[in-house]
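Have a look at the structure below before the remarks.
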Amino acid sequence: MLMPHSAALNAARRSADLTALADGGALDVIVIGGGITGVGIALDAATRGLTVALVEKHDLAFGTSRWSSKLVHGGLRYLASGNVGIARRSAVERGILMTRNAPHLVHAMPQLVPLLPSMGHTKRALVRAGFLAGDALRVLAGTPAATLPRSRRIPASRVVEIAPTVRRDGLDGGLLAYDGQLIDDARLVMAVARTAAQHGARILTYVGASNVTGTSVELTDRRTRQSFALSARAVINAAGVWAGEIDPSLRLRPSRGTHLVFDAKSFANPTAALTIPIPGELNRFVFAMPEQLGRIYLGLTDEDAPGPIPDVPQPSSEEITFLLDTVNTALGTAVGTKDVIGAYAGLRPLIDTGGAGVQGRTADVSRDHAVFESPSGVISVVGGKLTEYRYMAEDVLNRAITLRHLRAAKCRTRNLPLIGAPANPGPAPGSGAGLPESLVARYGAEAANVAAAATCERPTEPVADGIDVTRAEFEYAVTHEGALDVDDILDRRTRIGLVPRDRERVVAVAKEFLSR
């Protein structure tokens, strides 16, 4: 497939795109929202030959898309609750991401359930049956065992090798299964957005949308305060938990999911995600997951979040206590608030069907997505899961094509490599040999281009001692990934900002690259 456009996003391209839109005619599609669903729609539209612009009032991955567990789920939880369709789709989409779209960003994550005395025979049998069902889903989805190994039981000696702080009294081995894990969710959003730009989409951050109808939007550059009207044959609302601001007829029920951040040393540097059944629940777990930058993310919760929707949700003290109490049931040495070095919370844009009633738990609300058309003709997509973003984008775009009689090719994203995948290395393909492993892990085949494009001094040195992010990555965030301010670099292009003390150490370095 031809890719005549650059994948680079930066201030100059943003300015040129805004000028072109203000001076030009109508587009085929306008997408509102720069999370994973929105960028997925922009990529799908661009690769079908449609003219498309995406506008985001903040930065890419500003909302829910950066607050996930960083997992590409195979749908096991949905199978356990009877949602066979979602489970199968999740397994299929996981396989597409791991083998075709983004093998450089998604890898197999071992999930360890330690068999402790507190876990009775019935619960053990249910977990084992669930893991076997997960194996069957993997086979059904066509994902090879070389990509996601089969589940199995392991002895206690192996359990303590891969999760050294697990409780050893009465440990009877463990159950080990595998799921997909992203190097980072915001990095996936960035890869999809830049691949969309590579195919001609205009990706515009810090641009607000108002007076939205099915064929027009008033856009305001939030940096210059200049506004202009833009027309399109289809306007798609992919604003996530903020979708109701675009179409007030939508009924959403936001659910908050909280994670705590630890230094991996607090868990003795595990190599598997410690997976702890939540007491009293059949198919819910708390995960302590090894992550990039030497961190552990512990999550997650599922709590009703009524009321005004904040830009940056905050964890509650009750959620923090719940996560610590749950994980400590499986640890020989307890972790506490003194060990927590950061925390984050995100809001799931669940559809409020009214069926569960006011007292129903958000954990029981469907994770399926839905497409709606407002009285003014705005097409909205709400609900869904990160794993299914590609399928959701295909679904809503098919609906838009039908409703608006757009002339478009068939969907091409199932087999489309994102920027950084081996088949899409960028303009300076080369080996990652000699480059920091963490750089290659975050950029894949594009890592050589990150280093080659750097004009700064000491490009492969870390931005600060003990922080495994290179100076070249800060520069690339500005020159190729559309970062316009310090928060863009620290909170979304890299995830240094999840740990406040690390953030403080590199703010000056980020400002240095923004001022160049």
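Quick reminder: no glycine exception, Cβ is built from N, Cα and C everywhere.
As written in Swiss-Prot, here are the features:
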{"type": "BINDING", "residues": "28-56", "note": "FAD binding site"}
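There are 28 other Cβ atoms within 10 Å of the Cβ belonging to Val52 (FAD binding site). All protein chains included, Gly40 (FAD binding site) registers 29 other Cβ atoms within 10 Å of its own Cβ. Note: Asp44 (FAD binding site) has non-local neighbours Arg390, Ala393, Glu394, Leu397, Cys411, Arg412, Thr413, i.e. same-chain residues 6+ apart with C-beta under 8 A of its own C-beta. DSSP assigns Arg48 (FAD binding site) to coil in the three-state reduction, outside any helix or strand. Annotation for Asp28 (FAD binding site): spatial neighbours Ala45, Leu50, Thr51, Val52, Ala232, Arg233, Ala234, Leu406, Ala408, criterion Cβ-Cβ under 8 Å with sequence separation of six or more. Counting other CB atoms no more than 10 Å from each candidate's CB, the binding-site residues Ile32, Ile36 peak at Ile36.
Long-range Cβ contacts of Glu56 (FAD binding site) within its own chain (separation 6+, distance under 8 Å): Ile32, Gly33, Gly34, Gly38, Phe62, Leu204, Thr205, Tyr206, Val207. Around Arg48 (FAD binding site), the same-chain residues at least 6 positions away in sequence with a Cβ under 8 Å from its Cβ are Leu397, Ala408, Ala409, Lys410, Cys411, Arg412.
DSSP gives Ile32 (FAD binding site) a strand state. Gly40 (FAD binding site) falls within a helical segment according to DSSP.
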